[in-house]
Amino acid sequence: MPRPAVFLDRDGVLNQEVGYIHRLEDLQLIPGVAQAVRRLNDAGWFCCLASNQSGPARDYYSIDHVHALHHRLQELLAASAGAVLDAVYFCPDLSRPEGGVVADYAGWTTWRKPNTGMLVAAAWDHDLDLSRSVMVGDKATDIDLARNAGCYGILVQTGFGDRVLEGSYQHASQPDYIAEDLAAAVEWICTHLAPR
């Protein structure tokens, strides 16, 4: 039977929002994030990273660098609280009008948020029920992705979340819940939704 998942954006949700991360050591967890992910692990949720990462398309760094950043993220989560991301999905693509310059990644794709490609692929790969799943992010595109995929959408106020709420970043979105940070989002998830 398909199970639900918690999909997590990366920058501004799990790690500090510092723009494009060129050095591995600049990827730093937001305080309390590892414990929040561990709580989801312990409660039986499938935890999956779902993140737009256009650095390779913009020619800022290689796809291998993105993989190294995700390896560091997993190491920090494990070292801090024994937390685990069960799967990692990301979109390195960006269309040319949006700034994509590297031919291999400069195009439109169903994987780039708010399109549903990453979540549909994860659902297929891991037998997930999107209608009972949650997308947690700090941008309007995360909430739009949740709507497009039929998931619950939680906007965290870390990263760009406050600017989304003010209407000064992207467009107004209507999340199912607004949380101060990932720990508060996980509290809401564990109180209102069941992982099975």
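Note: Cβ is positioned from N, Cα and C throughout, glycine not excepted.
Under DSSP, VAL18 (substrate binding site) is assigned to coil, being neither helix nor strand in the three-state scheme. Per Swiss-Prot, the feature substrate binding site maps to ASP9, ARG10, ASP11, GLU17, VAL18, GLY19, TYR20, SER51, ASN52, GLN53, SER54, ARG112, LYS113, LYS139.
In the three-state DSSP classification, ASP9 (substrate binding site) falls within coil. What Swiss-Prot lists as Mg(2+) binding site is ASP9, ASP11, ASP138, LYS139, and the listing cites similarity to another entry.
If you look up Swiss-Prot, you'll see ASP9 marked as active site, nucleophile.
Neighbour count (other Cβ atoms within 10 Å of the Cβ, all protein chains): 24 for ASP11 (substrate binding site). Per Swiss-Prot, active site, proton donor is recorded for ASP11.
For the recorded site, SER51 (site 'Stabilizes the phosphoryl group'), the DSSP three-state label reads strand. Annotation for SER51 (site 'Stabilizes the phosphoryl group'): same-chain Cβ neighbours under 8 Å, separated by at least 6 residues, are ASP9, ARG10, ASP11, TYR89, PHE90, CYS91. Sequence annotations record features per position, and here Swiss-Prot assigns site 'Stabilizes the phosphoryl group' to SER51 (among others) based on similarity to another entry.
Just so you know, the Cβ of ARG112 (site 'Contributes to substrate recognition') picks up 23 other Cβ atoms within 10 Å once every protein chain is counted. Per Swiss-Prot, site 'Contributes to substrate recognition' is recorded for ARG112, and the stated evidence type is similarity to another entry.
Within 10 Å of the C-beta of LYS113 (substrate binding site) we count 25 further C-beta atoms, all protein chains included. According to Swiss-Prot, the site 'Stabilizes the phosphoryl group' annotation covers LYS113 (among others), on the basis of similarity to another entry.
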What whole-number Å value do you get for the CA-CA distance of ASN52 (substrate binding site) and ASP138 (Mg(2+) binding site)? 12
Measuring Cα to Cα, how far is TYR20 (substrate binding site) from ARG112 (site 'Contributes to substrate recognition') in Å? 17
Given the binding-site residues ASP9, TYR20, SER54, ASP138, which one's Cβ is surrounded by the fewest other Cβ atoms within 10 Å? TYR20
